[in-house]
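Report on the following structure.
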């Protein structure tokens, strides 16, 4: 798969070298990952079965939660099992596959966050035309575009990687496969590839972040014409999304929009957005969203009121 004669297996240096610290991390991160899967899975299930949540906003939220599960599962299960292993290995083909899916789901999440910001912008700035603008067809197109955008981005990353020769050493200075640590092992100059990766990864994150900021500037300007109660409800709805955006984009821009390094701090930042952030998202959305909390209570104990179904379902 990759042009090489000498390297078929890579060894992760890991997050920490002390076995006791690694075992402590295992005890911490295993429940975090399980909470990520259960929490996001519960949101997907709740949105799917609850008629009161069949609106564009929750449609996008369910896809975001699905992406969070997939994104975290690309890295975290292998990372957790490696915490109990003395030698942490992965095949070269497995490394390339991990890079593909990590960037696939990561960029899909970025694009979904942009879509969700656009949805909130339309809902607040054009409330009377919201249901006609955000119709079922457009929602499907936006979600499909997010998944396709992530796919094409990852294809570029993989095409760059599989052309590199690897002849040793085979120790990758990270706890999962990413492009910059892997480039350091290539038996050739990768400065051009590094620039391409910067343009493909860092600029996607930066441009998407600027689009998100622009959307919320428009929202804030629009809220000047709303009542105090209207502003409160709109800001409450947007607060969860803004929190998730900050938690995701902050570490991503920090890592991808500056020169690479081997500092342990970089690995700790990566732990935050690969392990911790996917777990926080369902907590953030449920704690600040009364409709989701009510729907979850109904899902577990009460019969859904069919009369609360929204017009969007029948578009």
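Backbone N, Cα and C atoms are what each Cβ position is placed from, and that goes for glycine too.
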Which range of 138-160, 161-183 is transmembrane segment, per TrEMBL: 138-160
Long-range Cβ neighbours of the transmembrane segment (57-76) (under 8 Å; 6 or more residues past either end): 29, 33, 36-37, 40-41, 43-44, 47-48, 98, 101-102, 105-106, 108-109, 112-113, 115-116, 119-120, 123, 139, 142-143, 146, 176, 237, 274-275, 278-279, 281-282, 285, 291-292
